[in-house]
Amino acid sequence: MKIGVLALQGAFREHRLVLEKLGVEVVEVRKKEQLAELAGLVIPGGESTTIGKLMVDFGLLSEIKERFQQGMAVFGTCAGLILLATEIMGSEQPRLGLMEMTVKRNAYGRQVDSFEVDLPVPAIGAQPLRAVFIRAPYIERVGSGVEVMATFQDKIVLARQGKALAAAFHPELTEDYRLHQYFVDLCKK
Ligand code: GLN
């Protein structure tokens, strides 16, 4: 099984290293042709407007949507979460729109407002997950098909809809790989 990491901009190397530690064969994706052989795709944190624009330019946006409809799993973190949403508050920027949810960008303030918390995530075990938020978004509203997996200060920060998983934080920046393992298991389904 191969999992891709979208490598246009942002924190793709960190995701690659985590997935490799979990024994997964990883492909850095820059061309739409590379999507054909993948069971899953990680869309990393970075700058969602930049990643979205590059996805359009490289023909990746429509191809990722199509592969998702065919059963490829997706995992968006931070900017990646924004790109998975159907609605982005105050923005018309390009997006995949694979999860029925409204997101707010830079919801906790600017860069200086980065922070870490111990986040309870029952779906991956009793022990909380260390979550690093960097200029993070949160999920303001979800549709009925979306499962809320974690909240912080009453805001949704982790959610799943079918084979799409979205985290507002950066699970690739800690040594706790349980959320990546959860995604790997989702890819196998
Ligand atoms: N603020 C960024 C955006 O809106 C996301 C930040 C991140 O991915 N760490 O795209």
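Every residue gets a Cβ built from N, Cα and C, even glycine.
TrEMBL does not curate its annotations; it predicts them automatically.
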Candidates R16, R67, R105, R160, the one TrEMBL lists with G46, E47, S48, I134, R135 as binding L-glutamine: R105
Contacting recorded positions for ligand 1, chosen from E47, C78, E172 when the Cβ sits under 6 angstroms of any of its atoms: E47, C78
Residue among the recorded positions E47, E172 whose Cβ has the most other Cβ atoms within 10 Å: E172
Shell list (L-glutamine; ref centroid = CB of G46, E47, S48, R105, I134, R135; cutoff 8 A): G10, G45, C78, A79, I82, N106, A136, P137
